[in-house]
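According to TrEMBL, the feature region 'Disordered' maps to 1-21. The domain 'Rab-GAP TBC' annotation in TrEMBL covers 54-240. What TrEMBL lists as transmembrane segment is 235-254, 366-387.
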Amino acid sequence: MKRSRNVGASSPVNGKQDWDTRRKRKIADITQALSVSPVDVATLRRMAISEGGLLTDEIRCQVWPRLLNVPPDVLDQEPETVERENNKDYNQVLLDVQRSLRRFPPGMPDEQREGLQEELIDIILRVLKRNPQLHYYQGYHDIVVTFLLVLGERLATALVEKLSTHHLRDFMDPTMDNTKHILNYLMPIIERVNPEVHDFMEQAEVGTVFALSWLITWFGHVLSDFRHVVRLYDFFLACHPLMPIYFAAVIVLYREEEVLDCECDMAMVHHLLSQIPQDLPYETLISRAGDLFVQFPPSELAREAVSHESTAASTFKDFDLASTQQRPDSVLRRRRKQKQAALESSAVNSVVTVAQPSAARRFVRLAVMGLTVALGAAALAVVNTALEWAPKLDLFP
């Protein structure tokens, strides 16, 4: 995947004016969608997916409940007091929340932060008490704190409960089997778009454990800028529950050059991929994730995800052992260079032979990964898929 950080030659002044115009238009569209009866949820989903997402926390307070279809009477309920001392999850939740200082805005007064941490503990314990079928996992608090900071305790409690029984449900099983199954979608997506990166990662036996914290925290644990976190939450809340794994795939694909230049060694590739860059082109990657979802829907990848299960399971269990036994291996990189040299040689001898696969590859990559204008058809297809999926989870009446 080519990485282009220069979007065009327009002046900064004109670009700001264009964005201000689009921003005002988006706010007007969101206000209109919220004002009609019934609320135009499809438009709200498109607004959440398209450039800039939902723009402000004030708008998120109005739209996020609609995206999750939390009834108004539930939103108005005052959260009940929760018993801590005899709660089986309290000690672990307390430890995790105490370690979550970096998730709060820099410069926030200690007293205010400590108050929010107490609310964070209460929200988590409250949701778990109401839903005994749910099991707490480390990283859950990273998602809950995002909702708390955007919505406040009352709204956050209602939305986190709905999210936990739907989007996050697989992560809250007694075992990690379903979580590992979701991770199994990662490699088939990468293989569809860039077989070379896929083969390199397979050769390195890196597995998918590097993306675990991305997935189960919706990237909240690994991104330092809160603006980027809430932008992704806009996107994920508007889409199918598997969209975070598509976004994980586009991050790997965006880093194609770094991956292929890395030594083909499990520990080294894992270290590279687990250190997520903070300057990612988020809007471009969001658009590409939407494109990938349209081109390769989960139903098409389900069989391959099952076939990858044993590999993923062994990665979780044997990572430390394998990383100590694996030795640096440059064979794959040499093969890559030899393959490139062979292609260049063939181009001299037979233009037609090389031109056909080259053109096919360009066509596929442009069709799959090309940035759609204002997300256009890809956004519409993603929204429609979300709308089709949502009734199964009772998200729409």
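Cβ atoms are placed via backbone N, Cα and C, with glycine included.
Automatic, uncurated: that is what TrEMBL annotation is.
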Distant-in-sequence neighbours of the transmembrane segment (235-254), which means Cβ under 8 A and at least six residues beyond its ends: 1, 3, 44-46, 48-49, 53, 64, 67-68, 166-167, 182-183, 185-186, 189-190, 193-194, 197, 201, 211, 214-215, 218-219, 273, 276, 280-281, 285-286, 288-290, 292-293, 298, 369, 382-383, 385-386, 389
Mean of pLDDT values spanning the domain 'Rab-GAP TBC' (54-240): 94
